[in-house]
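What follows is one structure encoded as structure tokens, with my remarks underneath.
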Amino acid sequence: MRSMDRFGIWVLAILLVIQSSFGFYLPGSYPHKYEVGDYLNVKVNSLTSIETEMPFSYYSLPFCKPSEGIKDSAENLGELLMGDRIENSPYRFRMFKNESEIFLCQTDKLSADSLKLLKKRIDEMYQVNPMLDNLPAIRYTKRDGYVLRWTGYPVGIKVQDVYYVFNHLKFKVLVHKYEEAANVARVMGTGDAAEVIPTIGKKDSDVPGYMVVGFEVVPCSFAHNGESTKKLKMYERYTTPIKCDSTRVSMSVKEGQSIVFSYEVSFEESDIKWPSRWDAYLKMEGSKVHWFSILNSLMVITFLAGIVLVIFLRTVRRDLTRYEELDKEAQAQMNEELSGWKLVVGDVFRAPSNASLLCVMVGDGVQILGMAVVTILFAALGFMSPASRGTLITGMLFFYMILGIAAGYVSVRLWRTIGCGEHRGWMSVAWKAACFFPGIAFLILTTLNFLLWGSHSTGAIPFSLFVILLLLWFCISVPLTLIGGYFGAKAPHIEFPVRTNQIPREIPAQKYPSWLLVLGAGTLPFGTLFIELFFIMSSIWMGRVYYVFGFLFVVLILLVVVCAEVSLVLTYMHLCVEDYKWWWKSFFASGSVAIYIFIYSINYLVFDLKSLSGPVSATLYLGYSLFMVLAIMLATGTVGFLSSFWFVHYLFSSVKLD
């Protein structure tokens, strides 16, 4: 009865986590009330493209600049690492004031270099990403009877070898009447940099106000009369009507020609409430396919893992039960006729080769796995919303640094266990644990950063941020890892249940290479996550929104279970054929899933990112994929090793073999 109650509790918990993946989030900022006539300032993020994966500053192209100068918005660590550069723009509106034919500016005449760069950005399908009140602009297009939803709009378009630029923007701002229950101060400005303005002489309830709940844009290419705009100043009305037709283009770009930019804006009252304003971004097309595919994958993998677990437990338990039922004389006689895993009793806990490296990798794997579990759990509960840009990356860095204490503890305690309680060398192991994975990651990211620096991309990590990351590494992560190592050195080591012989036992020749089975074992864990992996890759490289962290958390838990089971089965199989070198094999039995993920990444590059242009972009993609695969290998390998270590210790402590 108790087991049924526990099962029901676990099922309820899983269902609650899955339910949280239906776009639930904590908004990340307070609703901002704008009175009629208040100014709304549009901001712009970096130019992005799925063809190059290299973001560039909005003002790297000949666009209009604000009269007060270009100002960067305050950005967190995660935004900078993601390549976001949010800046002010000259586009401004007045709340609930529809305006049309607004002249923005006339650029200088295009030089040969400016024209070449503009054409290159159009060829590479770069998108402009305006933002209002922290909401990215959405663009709707119709194709084959379907309505497609995009964020941002293209810089321009190429038609029959002629380049056209989108120089007139038609904005629509959806607003919802301010609700008194929100009880927020009147603010003026955008969502991520709002200035609080006290309301003097009147209460909020006396002042009608609105909240921004939607932001749409329609880009148009309109050929302005350059001569008639020379005397116009910014925000003055254009002399003739402008018809914005997104199906036609007329503003071609040529050397020695200037570009005139203009815009119009309309406001529309909407039933969308402020907490639901991100639903349009979170509910992307293909969601039904996503849900059913994930559910089907979970059912199949759970069923298969259950069968493997049942067969495995029955086999081992039957072996142990038969031994325990014998009397002492029969046990002594049976000990003389040992077979299978019982023959390696004197070698099963023999120290593996490169023991310190194994300890370091297991410690780093615990740190990475802990970071992933905590971060995804917080995201599934809604604490890391898309409204708060960069919080996911910032949270990952924070949890990774804090969990350095776990890496040091596990590495050193495992080192002392393998060394039968030896204290010498624990400081070296702790240092290696603090520097192994971060050092490799730093090497990969530095190499990729040089490529981004050479391309003048905003995705390049600034030197000041490099210094901050180094300080976080050596001033927080390393000391915490050493502290964890100290506690690991003070903690009692795990006693082995059997003694190790002085002379190693010879391993019988195998019919097939044992490492071949180890590498093949990664297919089962890969089957648990390859569907989810597609959506994650699409989010990273195709600019799609990913916010089903509830399902991702369930998949992560399932992955941990399957990795443990696969490693247990392979360890038992190796022991049965008298192969006692299980340490590294148990690690790579589950860690080999990283190989299949890297192969999948290459497949995704070839078939899904066909438009990715240039060796620099491909190198960036493969470099980031290698970084991701290394982290996955350490995390999954750690799960397999720790489960196998527990199993072997339990197996040989359950029966006395001398």
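Backbone N, Cα and C atoms are what each Cβ position is placed from, and that goes for glycine too.
Placement of Ser538 and Ser654 with respect to the membrane, taken from Swiss-Prot, is on opposing sides. Within its own chain, the transmembrane segment (587-607) has Cβ neighbours under 8 Å at 358, 361-362, 515, 518-523, 525-526, 530, 533-534, 537, 541, 563-564, 566-567, 570-571, 618, 621-622, 625-626, 628-630, 632-634, 636-641, 644, counting only residues six or more beyond its boundaries.
Counted over residue pairs 6 or more apart, the CB atoms of the transmembrane segment (433-453) and the transmembrane segment (620-640) come under 8 Å in at least three pairs, which marks the two as touching.
Annotation: stretch 548-568 has the most Cβ pairs under 8 Å to the transmembrane segment (516-536), among 463-483, 548-568, 620-640.
Mean pLDDT, taken over the topological domain 'Lumenal' (608-619), works out to 83 on the 0 to 100 scale. Residues 46, 53-57, 60, 80-81, 83-85, 445, 469, 616 of the same chain sit 6 or more residues outside the topological domain 'Lumenal' (454-462) yet have a Cβ under 8 Å from a Cβ within it.
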